[in-house]
Structures are given as structure tokens and as C-alpha cells.
Amino acid sequence: MNKKSIRDIDVAGKRVFIRVDYNVPMDKEGNITNDTRITATLPTLNYLLEKGASLVIGCHLGRPKGQPVPEFTVAPVAKRLAELLGREVKFAPDCVGEQAEKMSAALKPGEVLLLENLRYHKEEEKNGAEFAEKLAKLADIGVNDAFGVSHRAHASVEGVTKHLPMVAGFLMEKEIKFVGQAVANPVRPFVAIIGGAKVSDKIGVIENLLKKVDTLIIGGGMANTFVAAQGYSTGKSLVETEKLDLAKSLIVQAKEQGVNLLLPTDMVVADKFAADAEHKVVGLDAIPDEWMALDIGPKSAEAFAKALEDAKTVVWNGPMGVFEMDAFAAGTKAVAKAVADSDATSIVGGGDSIAALQKVGLSDKITHISTGGGASLEYLEGKVLPGIAALQDK
Ligand SMILES: Nc1ncnc2c1ncn2[C@@H]1O[C@H](COP(=O)(O)OP(=O)(O)O)[C@@H](O)[C@H]1O
Ligand SMILES: O=C(OP(=O)(O)O)[C@H](O)COP(=O)(O)O
């Protein structure tokens, strides 16, 4: 890596601003259901603390759209982080401003301060210069250990580096190495699997992925837009109507480029978005008007698993269905098992994808679990991620 890391800087007695990706899955009561994204940063945090730094940690949770929405407070993260570090984690109720400045100025070596959700301010996602400057005031040096957010040119990821020199943490270094290696010269057949719910965000990467992979499997919420694009009626399923033309064009591009594009041929549909919903398996031409597709069906799962049998490189982001509810977890489970059983080099990324893998107990069968979903897809596309580009050169 041609970027500086925390090994290249002296942090003794300094306040270090660390951007992390603690966008962890939570249940309705606000309990963290998977803390991989927190534990993955512990080597960086412990190293800096041992070297005599104090830490000002910035993160986001969900998409509160620039408002202080209580549901998205990172207070539960502060509690879990304190347990994992075995030391007190102070909490600043606003990530910028007088109180945050006072709290960060009072930090002694070895002390840790977690800032409230950065996305409570709209300037974070807009990469506002003033906001970035306010964040920079909180520390002497910056560290980016948030690979999962490095595809976002946000203030705490990109803008802040104009006021605070920023270097890579150990997690960032590891992600760049593993994701980069696997996709630089992939052993073929190379299969990418895309699912999940962030359709408008991630459908854009497919065009470039088609130039790299031999097979592309699409499931989860992402598949519904492709199903609708083929002319089927999708009832109340999650569909990005603005992306229907793009989906149609991607189906054509896959054919032209000789990529084996696998879309679901059957679905598990439900009468509501709930764990106790009435549900059944239907063909694509039989999705009832008032129902929604919440998982791929068994025939699709079988076809996807078959396509993974002889894969040599697999990159996967986004669950095949609403795996958090048992009735809609079978598709994700089947694909996870097929990836685990193959002898491919496998990279599975994304907060919910990691949680899905752990739920089915197959995490240790994956070559690299990446903390970034969208970030690893964009890295795989060959894009320069703004959060990485902004780090100090060696
Ligand atoms: N058919 C579907 N309809 C609605 N939501 C879905 C569907 N399939 C999967 N999901 C949801 O997608 C979410 C994960 O999407 P995403 O954030 O893109 O993945 P990741 O966090 O792994 O990057 C999960 O919470 C899952 O419930
Ligand atoms: O969860 C994340 O991405 P992912 O769902 O692609 O893994 C990151 O925290 C980025 O979040 P964002 O997609 O709301 O910018």
C-alpha cells in the first residue's frame, strides 16, 4: 500500500480522530445483533492506546438524513465498545461544537471518547467544509479505519483530511490487501453475488462488474427490480422503479458480454413484512398484487448453488432475502452453504451479510470477511475510493 499507516506516525500524547464503520445491525429494542464491525477495529484502537494516544472516535449508524433521530443514536455502541476495550468510553452527545471540543481537549493519554452519530448533521454526507473543520478541531491527527464507508466522500472520511493529516488503521490496511489481492488477478470462474436492500446504491456497480466476472448472481431485494424489468408484476415488493430501464439494459449487456447472469425464477412471497406473515413459494408470474417477495425460492437457490460449485473466486454482498426472519432465511442459507462448500477464494462483505453468515454459522469457511459491502463492490469495480485516496502518501 502506498499510503501511510499508524505504524508510520508518532501518536504518544496526541489526540487521534478515528473514523470507524460501526454501522452495526440492531434489533427493534436497540440491541446490537452483530458486533463484527466493532471488534474488527480493536487492534487499531488498542495499538494507539498502548502508544500513549487518546482517542476521539467518529462513526455513523443508519441513515438519519441529517437529523438527530433517537433511533439512530450510537450510545449502545459506546456501551459495547467499553465492554470490548475493558475501559471507560466517554460519550459526546453531539459530534461537533463546544461540548465535544471541551471533552476532547480534556482527554488524557489512554482515554477514549465516542462522538454521537456523525450523520445527525446534514453536512457530513454533503462533505461540508465548515463541518469537516469543526471535526478536525477535536484532534491532532486522523486515522481512517472505516473501509466500509471509504466509498463515500463524506466530511469525516474525505473533507476532514484537508485539515487533519489522516493515515490508515490496521483494518483499512487489511481490507485493501485482501480485497485487492483477490480481485487483482482472480482465478476463474469468478462469480459475484449481489443481493440486499440498497438497490439504488448498488445497481450502479453492476455495469462494471459485468466486465470482470464470468457469472453474476442477483438475489434479495436487488432481484425484484430485475424481475419487474422482465415485465412481471411484483406486487408490493421492494422495487426501484427509476432503475427499471437500467436493469433492462444490464440484462442485455450481460448477454452481449457472455456473462452468465442468474436471476431468481421463483420467490417466497408474504402478505406483510413480518416474521409471522403468511407466505408461500410462487413462480415469477404469480406474485399476488398485495404481497411482497422476501426471499428467493428453492428452485432459484438450487440453481445459484449449482453455479457456485466450480467457482474459484467469489465476491458476495447482500443477503438473498430478509434473513433476519426465519421464514425468509432459506435462500441466504443455501447460498452461504454453497459458497462455504466451494473451494473458491471467497470474500463476503457488508454489515448484514456478515450477520447473515454468522447466523448460519459459516463465517469460518470464508476466506475474507470484509466489513465493507458497497465499498468492496466499488473497490472490485476498479474505482479509487475517496476515503483511501485522501490518506497521506508514503
Ligand atoms: N427481498 C427483500 N426485500 C426487502 N429487503 C430485503 C430483501 N432481501 C434482503 N433484504 C434486506 O437487505 C438488508 C441488507 O441489505 P444491504 O444493506 O444492501 O446489505 P449489507 O449490509 O450486507 O451490505 C437485510 O436487512 C435484508 O433484510
Ligand atoms: O453499512 C454500510 O455499507 P454496506 O451496507 O454496503 O455494507 C456502511 O456503513 C455505509 O453505509 P451507507 O451505505 O449508508 O453509506
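Counting starts with 1 at the first residue shown.
Here the Cβ of each residue, glycine as well, is placed from N, Cα and C on the backbone.
TrEMBL annotations:
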- D21, Y22, N23, R37, H60, L61, G62, R63, R119, R152: substrate binding site (BINDING)
- R37, R119, R152: (2R)-3-phosphoglycerate binding site (BINDING)
- K202, E324, G350, G351, D352, S353: ATP binding site (BINDING)
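On the structure: features taken from TrEMBL.
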| residue | record | DSSP (3 states) |
| --- | --- | --- |
| D21 | substrate binding site | coil |
| R37 | (2R)-3-phosphoglycerate binding site | helix |
| H60 | substrate binding site | coil |
| R119 | substrate binding site | helix |
| R152 | (2R)-3-phosphoglycerate binding site | coil |
| K202 | ATP binding site | helix |
| E324 | ATP binding site | coil |
| G350 | ATP binding site | coil |
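Taking only the Cα positions, the spacing between G351 (ATP binding site) and D21 (substrate binding site) is 9 angstrom. It is 15 Å from the Cα atom of S353 (ATP binding site) to that of D21 (substrate binding site). In this structure, the CA atom of H60 (substrate binding site) is 15 Å away from the CA atom of G350 (ATP binding site). Apart from D21, Y22, N23, R37, H60, L61, G62, R63, R119, R152, the substrate site neighbourhood in this chain, defined by C-beta within 8 angstroms of the site C-beta centre, holds C59, N117, V149. For the binding-site residues given as D21, E324, D352, the lowest number of other CB atoms within 10 Å of the residue's CB is seen at E324. Spatially, by CA atoms, the binding-site residues D21, N23, G62, R119, R152 include one closest to D352 (ATP binding site), and that is N23. In the structure as shown, the Cβ atom of K202 (ATP binding site) sits within 10 Å of 22 other Cβ atoms.
When the C-alpha distances from D21 (substrate binding site) to the binding-site residues R37, R152, K202, E324, G350 are tabulated, the minimum falls on R37.
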